[in-house]
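Summarising the annotation, TrEMBL assigns domain 'Myosin N-terminal SH3-like' to 8-60. What TrEMBL lists as domain 'Myosin motor' is 69-761. The feature ATP binding site is assigned by TrEMBL to Gly163, Glu164, Ser165, Gly166, Ala167, Gly168, Lys169, Thr170. Annotated region 'Disordered' per TrEMBL: 598-629, 1099-1141, in sequence order. Annotation source TrEMBL lists compositional bias 'Basic and acidic residues' at 616-627. The region 'Actin-binding' annotation in TrEMBL covers 641-663. What TrEMBL records for 1116-1128 is compositional bias 'Low complexity'. Taken from TrEMBL, the feature coiled coil applies to 1150-1265, 1298-1357, 1400-1427. Residues annotated as domain 'Dilute' in TrEMBL: 1523-1799.
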Amino acid sequence: MAASELYTKSARVWIPDAEEVWKSAELTKDYKNDDASLQLMLEDGTTIDHKLDPKTKNLPYLRNPDILVGENDLTALSYLHEPAVLHNLKVRFIDSKLIYTYCGIVLVAINPYETLPIYGTDIINAYSGQNMGDMDPHIFAVAEEAYKQMARDERNQSIIVSGESGAGKTVSAKYAMRYFATVSGSASEANVEEKVLASNPIMEAIGNAKTTRNDNSSRFGKYIEIGFDNRYRIIGANMRTYLLEKSRVVFQADEERNYHIFYQLCASANQPEFKNLRLSTANDFLYTRQGRSPVIEGVDDAKELCTTRHAFTLLGINESYQIGLFQVLAAILHLGNVEIKDRDSDSSLIAPNNRHLTAFCELVGVTYQDMSQWLCHRKLKTATETYIKPLPRLQATNARDALSKHIYAKLFNWIVEHVNKALVTNVKQHSFIGVLDIYGFETFEINSFEQFCINYANEKLQQQFNMHVFKLEQEEYMKEQIPWTLIDFYDNQPCINLIEAKMGILDLLDEECKMPKGSDDSWAQKLYNTHLKTCSLFEKPRMSNRAFIIQHFADKVEYQCEGFLEKNKDTVNEEQIHVLKASKFDLLVELFQDEEKATTPTGQVPGTGGRTRLSIKPDKGRDTSSKEHKKTVGCQFRNSLQMLMETLNATTPHYVRCIKPNDFKLAFSFDPKRAVQQLRACGVLETIRISAAGFPSRWTYQEFFSRYRVLMKQKDVLPDKKLTCRNVLEKLVQDQDKYQFGKTKIFFRAGQVAYLEKLRADKLRAACIRIQKTIRCWLARKKYLRQRSAVITIQRFTRGYQARCLVKFMRRTQAATVIQKYQRMCVERKRYRQKQAAALAMQTILRAYMARQKYQALLREHKAVIIQKHVRGWLARCWYKRCLEAIVYLQCCIRRMRAKRELKKLKIEARSVEHFKKLNKGMENKIMQLQRKIDEQNKDNRVISEKLVSLESSYASESERMRGELGRLRGVEEDAKNKANQVSSLLEELEKLRKELSVTQQEKKTIEDWAQKYRDEMEKMVSELKDQNGLLKKEKDDLNRMIQEQSQQMTEKMTRAIAQETQQLETDLNEERSRYQNLLTEHLRLEEKYDDLKEELAHSTNVSKPGHRRTDSTHSSNESEYTYNSEYAELEDGSRVGEDVTRGMDTSLTLKLQKRVTELEQEKQSLRNELENREEQFQRARARDDAQFRKARGAELEYESLKRQELESENKKLRHDLAEMRQSLLGGAAAGTGAPGSPAYKVLLDQLNASCEELEVRKEEVLILRSQLVSQKEAMHHKETMTEPSVFAKDVNKLKDADELKQAYVGLKDTNRLLEQQLQAQRRTYDSEVESLRGELQNVKEENNRQQQLLAQNLQLPPEARIEASLQHEITRLTNENLELMADDPTASREARVIILRRMVDLMEQLEKQDRTIRKLKKQLKVYSKRIGEMGAGQAEGQTSPGQMVEEPIHPVNIPRREKDFQGMLEYKKEDEMKLVKNLILELKPRGVAVNLIPGLPAYILFMCLRHADYLNDDQKVRTLLTSTINSIKKILKKRGDDFETVSFWLANTCRFLHCLKQYSGDEAFMKHNTSRQNEHCLSNFDLAEYRQVISDLAIQIYQQLVKCMENILQPMIVSGMLEHETIQGVSGVKPTGLRKRTSSIADEGTYTLDSILRQLSAFHSTMCQHGTDPELIKQVVKQLFYIIGAVTLNNLLLRKDMCSWSKGMQIRYNVSQLEEWLRDKGLMNCGAKETLEPLIQAAQLLQVKKKTEEDAEAICSMCHALTTAQIVKVLNLYTPVNEFEERVSVAFIRTIQTRLRDRSESPQLLMDTKMIYPVTFPFSPSSLALETIQIPTSLNLSFLTRV
């Protein structure tokens, strides 16, 4: 296409720049073909005019679109040129912190100068098995590609790591070897992979040094061949070295160091083992202080020496050899300090007793005189004579340094040789992968022989690289049927010919070295004469005659000829070598001997043991014969390089180019000048040039169609995608040379993808504009319609508002009128009421005033009337008293006069008798009347006198009062007169008081003002106080609220703390459980390894004896799983024939196995002997105990029977005596002395009752003892069949209480005798009381008879009923005693109750045990009777002759029978156990059992067999059955461990078997959900808790194997289904990719989708459900599977830059939602599986959220709590826009995220551990299935089992 189409306005280009090499600019005007310059604007806004070359008219390089920047593969760039490569590397390195980038087949590695967490085991596991194009670029991806191609193509591989010093070559090679060691493992127990890795610290110590560019620079090249066997496991390694920098031993530039080993020795000089080396600090030796930088920051040399010594030990170099090596190294340091002085101008000398030379001679074992002699002299030989020539000081010093270099080189070669011996193996090598760590192209200000050799090697490697790249391009084009003749590439063969061809530089150098007087100048002249005019690549500097210039593939290099001849000769004084060969130090002599004569580092003589030694060919470049001194260094290097190239050409190479980003070792600092220089030197740009010369951009038809579908019209889309792409491309690109159509791909020239991207972007931009136009139109119309609707609505509402306002106004007017009316009425009424109230008030006041005035007048009048009344009364009383006194006085006078007259008359009459007589008549009555009358009168007189007295007293008091009142009135009158006189004074006083009142009023006013002010102030103060009070209340409320909040926070904090503590405890528990299960896994792995070794040994045995065949393999294999004899027999057989196996097997492994077999034989023999001894001891002890028990038991039984008989006779005697005594008492009752109620009678009755109670107690104790003896006898009879001596001894000890029984019998006998004596005494004393006790004695007799009957019945009953009856009697007696004790003493009753309960529990346990024993015996009896019946029937049938008729009734078929009651057991014979295991486990097909039969049927069958063995009390049968079951399950899982159905089936059955062992164990915790029938089926004789633990461990192993099996099935689906497949079509477009396509390593195997994963998960779930797996276990399995899906998906997302985009985040979230929907459909939402996907969900959300502002950063930090900081930063760094409309994440935003997440305490691990398995638990799940209902199908071939 025309330039005018590309160089348009806004197009971006690259222009050269002196500082940044290339600078980006943008066109401000379209370019036209006639323009001489371009108008450009730089990124900083500066406008420049870029002049074009008038001759070439070359336009500047175009810049790639932004969406292509930062690609994983540089070949994915549309424009392939130097600035595009440099910019892409810089963006990836600086912005994304990615150090690896592909450039076609080359991996470009930039040294970050910082430790990155991208080399852990998790990263290795993530890259293992992945295709190279699937993951982000990494050294592990290259290693995996090499490993995979080696296994797939059966071809050796090579990884070529190159770069200049400090670029990271050694580290890259080290990580590649670590990858191989981790992924492949070792083929033997020799840990070869550890030895391969251990060689690194050794080679770094002796071959690496600090330079100005690198602290750990390799100063030699090495090629390590890592060998693999036919199973692609590491079996050994071999190392070749190239061009060691020997000059560094004697000289170092500033800021550089010698080799690390010297400084390590100096740092460890104070250790005891190094005292004799006489070392000190590094600054004390010339060879270590010249660089003036003896210390490397961050490196501990003493610690590094420990690492080096450990590596030596691991590689088999023993301690003595290590000390010898350190002696040689210390001797080199001392030799460098030997001072040589001038004797004269032509000779030199060494001072006598030079301490450093003395130390050197002592360390190397040579004489001081010889060494000092030949350091200062040399021997010259001519044809006729030999003479010694002294050396000048300078030549002697050079000779000393040459000797040091030569010794170090020999030592270096010796170490390399023995490292190779340690890494070699006698197992046949199937293939190898070579890792070449070699120096890159070097150019300095002064370049010498070393740089010449290095650049020569790089020319050869570059030629090989070019040929390989060309070959790959050629193969690709031929595969796609595209003409490849259009491709051209640079060939550097002329430069190589200049160096190595005949009469080349090396030939001329060797020729000059052979000349006697050859010099650097003469050699330079030969070069000028030979090549200056004939070769265009050879030039001569203008200003020098001792230098030459070679045009290498990377750059021109000027070499200085000085020193070329000396370095090429590498001469050493022969006599010095002879002195060293004559040394007494064996190691030094060995260094200078031929390689074949060297002994091993372990001090063993070859061929006398240990490993079988193989002959190791010495490198051709390092012949140790005397010819070595004649062969030049250049010749050696050329030969070794030729050998290396032959090796590389025979392998498939993989290239790693290491780039040093800056010279200051700054972390993530990029210097464009240095980077471009290295890119040119390492061939990366040449790769780009070769790719750009052809068709660098390649698309599959599907990718092209998906990417550029937007450029097609609907009519262009055809069913055939290939034809569609062809038609569209022909329309889009007119030039047919710009692309080619292959079979599966479309090939584009450079820049065409960018053009298509431009067309796509323009189409999308136009589509966006059209969409924007339509959307804006739609938005505008929508806005107009919304506004129109709003206007109409506003109008409607406005008019309505106005109408409402009018109505409101009218209503208000009417309301106002009404209000006015009522208001006026109210005002008038109020005014009227005010007037009325005022009038009423005035009237009230006036009337009140008039009433008060009238009241005052009335009051005064009333008071005057009262005064008048009292005065008038007093006057009346005075007048009355005077009148009364006068009248009384008159009456008294009159009466006195009349009385005198009457007296006189009476006196006269009394003098006459007649009168007296007359008077005397009736005198008497009259006297009486008079007397009475007198009395009445006296009474009246008294009353009157009393009244008179009272009147007088009242009158006196009234008089006194009146007198007082009169006196008061007189006083008042006096006072009134006085007060009238005081009125004037009072008026004056009043005037004075008025004045004081006015003053007081003023003061009052002042005080009132002050009071008002004070009141105001107080009110103000009160208001302020109220405000303060309110504030205080508010503060109080706030404080209360804060306290409440704090308390709530504290509560929440405590809750969180408790939750965290609980979670921590759960985590610790899970970790502990996981640790335990990991140990089980490791144990299983070791067992499998041991089995594999045993099988290999057996296989080798069969190979060595082809005629031998194993018989009955199935039986022997099964039997070997649970019997010890067969295992040991196999080991014995293996050990017998293992001695003859020497081919194809490691000798050391054979010896170890033989040793192990011998140890196992010895252990077996010792165990057998110990077992026999234990059995003999047990048998003897058992026989002895049986004899003692029988003897003791017989004696005790005899003694018991005798005692019982004696007691019965004594009881009878006592009854007879008692009856006689009662008879005698009844006979003597008439005497009256023993009548009821008498004291003697009571005493006798009490004693008799006590005796009877004591008798009953003794009888009951006898019954209890008898029942215990009987139960113990039965128990002993039952337990005699058990084999455990401890139980037997325990039961025997229970019967050793004979003394206690004897004492009880003796005490009872003594008591009976005492009772007899008491009864005799009572019979003599109380004979008269017998009659009164007859009735009572009769009751006692009846009770006694009842007891006798009970005893007789108990004796007649069988043992079981006898015990039960005695128990019932005992319970009755104890109940009575308990009631009596409760009545007497509550405390004692409680203690007695406890004792009684314990005794009852013991008795009930014994009863239950006896019941079980009886049931078992009955069942056995039934079984035996059945067998006897069958045998009898068989015999009867056999005895019947053929012609004899069998009677009909003998056929049991016709006899109706009751259905048999099965006990849920299966009986089998001992010899059928192997058949049971074989048919039920080894040969069982899970598919048929799972579909057709009940879940867990094998587990139920095995448990029913186990129940029968327990029922028979056969411990041997139980043990063998369980062991056979466990080992058979292990065997079938080992054989078919990759079959998911098999593993799932046996996991379900193992768990069911474990649950059965728990459910029927008899433990109450497991019997809660059992039925009564199931409780009867519990195991009764054996406690299988230990076996439950073993089976639980087996279940854990099966679970882990199930998880691994499911993971292996799901692993290929996860990445394809979750990440790569577009579930939502059209969301994400395919970006251009480079050479590293998907499936680059393997052929297409089909694409998996999300539906594939869901179908597989459904298959897993349905299979486990069919197998009857516990639901809780299924939840754990699903949780583990979802964790694996999430972890694998997230890990791939973190390692794939092309997957980190917005559209991919949408795809992931959709896929996760589909997984959640699957969980919801299966009812597994609460199993915790969703939580395991949380990191993946948050990563998908992170891809979709905004990533610009601080708020976005805060939202990301709060959202991504399940992701680590490293993962968040990694996703942000990898985020890649798919379209140019998206924006990249800025570096500042990523730093903001890092700053916010700095305080997080989390693991720095980047990837999730996909191998992590959650600890599994097996919750108890009882079965409701009744064992007796289980039917055994005939398909299982278990007819030998019998239901019981």
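Keep in mind that glycine also has a Cβ here, set from the backbone N, Cα and C atoms.
Around Thr170 (ATP binding site), a 10 Å sphere centred on its CB holds 23 further CB atoms from the protein chains shown. In sequence order, Asn111, Arg213, Asn214, Ser217, Ser218, Gly440, Cys658, Lys660 are the same-chain residues whose CB sits within 8 A of the CB centroid of Gly163, Glu164, Ser165, Gly166, Ala167, Gly168, Lys169, Thr170, the residues recorded for ATP being left out. The binding-site residues examined here are Gly163, Gly166, Gly168; by Cβ neighbour count within 10 Å, the least packed of them is Gly166.
When DSSP labels each residue, the region 'Actin-binding' (641-663) comes out as 9 helix, 8 strand, 6 coil, counted as helix, strand and coil in that order. Over the domain 'Myosin motor' (69-761), the average per-residue pLDDT in this prediction is 83.
Using a 10 Å radius centred on the Cβ of Lys169 (ATP binding site) and all shown protein chains, the other Cβ atoms total 27.
Neighbour counts were taken at the CB atom with a 10 A radius for the binding-site residues Glu164, Ser165; the maximum falls on Glu164.
All protein chains shown were included, and the count of other CB atoms within 10 Å of the CB of Ala167 (ATP binding site) stands at 26. Note: the domain 'Myosin N-terminal SH3-like' (8-60) comprises 0 helix, 24 strand, 29 coil (DSSP; helix = H, G, I, strand = E, B).
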